[in-house]
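Take a look at the structure below.
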Amino acid sequence: MLEKRVELEGMKVVEIEKCRNDIKKLREEMASRNNSCFYFSLSNFLEDNKKLTPRRDVPSYPKYMLSQHTIDALKKPAFDVWLWEANEMLSCLEHMYHDLGLVKDFNINPITLKRWLLCIHDNYKNNPFHNFRHCFCVTQMMYSMICLCSLQEKFTQVDVLILMTAAVCHDLDHPGFNNTYQINARTELAVRYNDISPLENHHCAVAFQIFSQPDCNIFSNFDPEAFKQIRQGTITLILATDMARHGEILDSFKQKVDSFDYTDEEHVTCLKMVLIKCCDISNEVRPMEVAEPWVDCLLEEYFMQSDREKAEGLPVAPFMDREKVTKPTAQIGFIKFVLIPMFETVMKLFPQIEEAMVQPLRESRDRYEELKQIDDAMNEKKKSENLTIGGKKK
């Protein structure tokens, strides 16, 4: 096993080095030809009169030759999302659209797909958690669920396109401060969207501002009615990622799951909403060494928010307060009462996810409960020692 792993890692290094050389060569060629640059300017709703201005060369880079090992791994929930640089993640996303037949079936211009993905990358902020790697993570999990659950046999290709595109766009331009902060601080986003899912509405707006640019419109070959369907479907799924709606959406799905009807549009929409929710919060499905760094990233973002809330005299949620939360306490309740019930409900429709997705969640819950017991024991020991020392001083 070790020899095989060394061999695969070696292949990966060679592959990455080849891609870097290809890019370097291409950049030199482009510089010598004085190729024009692709400019895209997107209004940033969060800051007055400022523009996000990603600037990218026209992306005519050679398509990465992903190894067969990488292609196979991409289809599995255990995929290690930390191994890849931004350009490599972009190539993986591009591969997913081709592999699912979306480029061919919808006559998507491959160069427009590249431009769109580059623009998506440039419109994710460098937050500790809600960043482009999180976008890739969610989309890769969606791709793996489409493969694992054979969703292309159940859904139309339009549904698959909506699922993938909503996953890619679902956190665009996330500011790193959640809806509760937006509403309590009365930010411009909260005012604009009347305190109703301000962030999710913003992600949708940014996504379709990008699509409004001809160079980034992967839907340019769709007729108006088909585009309207894609737009509405994508918006519905992105808005479903607001955790304030979790109970409402899951309850609706539970009422349908035992007599699920793939010919019923309402049933299919509800399932798609649950699928994007699963993918959005699926980190604990992955192996411990892949999942745990995400907890650190999330806590860092939470602590940044709670520090600002304290400074601004706003309410602070206990699960975000650096003085009250630990990794185990942050994860146990979330895994037990949010993740496992949702994934087990989906498992009724797709029993094949139990081994690959539900069992890892149960193992993660057990591991964090063990860690909490250790933490509690350590705290009790410290208390006892402090009491003993205090008694001796008296």
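Cβ from N, Cα, C; glycine included.
What TrEMBL says about this protein:
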ACT_SITE  His130  active site, proton donor
BINDING   His130, Asn131, Phe132, Arg133, His134, Asp171, Asp280, Gln331  AMP binding site
BINDING   His134, His170, Asp171, Asp280  Zn(2+) 1 binding site
BINDING   Asp171  Zn(2+) 2 binding site
COMPBIAS  374-385  compositional bias 'Basic and acidic residues'
REGION    374-394  region 'Disordered'
(message) Taking 8 Å from the centroid of the Cβ atoms of His134, His170, Asp171, Asp280 as the cut-off, which other residues in that chain fall inside it around the Zn(2+) 1 site?
(response) His130, Cys135, Val138, Ala167, His174, Thr241
(message) Six or more residues beyond either end and a Cβ under 8 Å away: which residues meet both conditions relative to the compositional bias 'Basic and acidic residues' (374-385)?
(response) 326, 328
(request) For Asp171 (AMP binding site), just count the other CB atoms lying within 10 A of its CB, please. (result) 25
(message) Give me the long-range Cβ neighbours of His130 (active site, proton donor): same chain, 6+ apart, Cβ under 8 Å, in sequence order.
(response) Tyr124, Asp171, His174, Gly176, Glu301
(message) At 10 angstroms around each C-beta, which of the binding-site residues Asn131, Gln331 has the fewest other C-beta atoms nearby?
(response) Asn131
(request) Do me a favour and check the Cα-Cα span between His134 (AMP binding site) and His170 (Zn(2+) 1 binding site); whole Å is fine. (result) 10
(message) Are there any residues at least 6 positions away along the chain from Phe132 (AMP binding site) with a Cβ closer than 8 Å to its Cβ? List them or say none.
(response) Ala86, Met89, Ile120, His121, Tyr124
(request) Report, in whole Å, the straight Cα-to-Cα distance of His170 (Zn(2+) 1 binding site) from Arg133 (AMP binding site). (result) 12
(request) Show which residues of the chain containing Asp280 (AMP binding site), separated from it by at least 6 in sequence, have their CB under 8 Å from its CB. (result) Val138, His170, Thr241
(message) Quick check on the binding-site residues Arg133, His134, His170: which one has the highest count of other Cβ atoms within 10 Å of its Cβ?
(response) His170
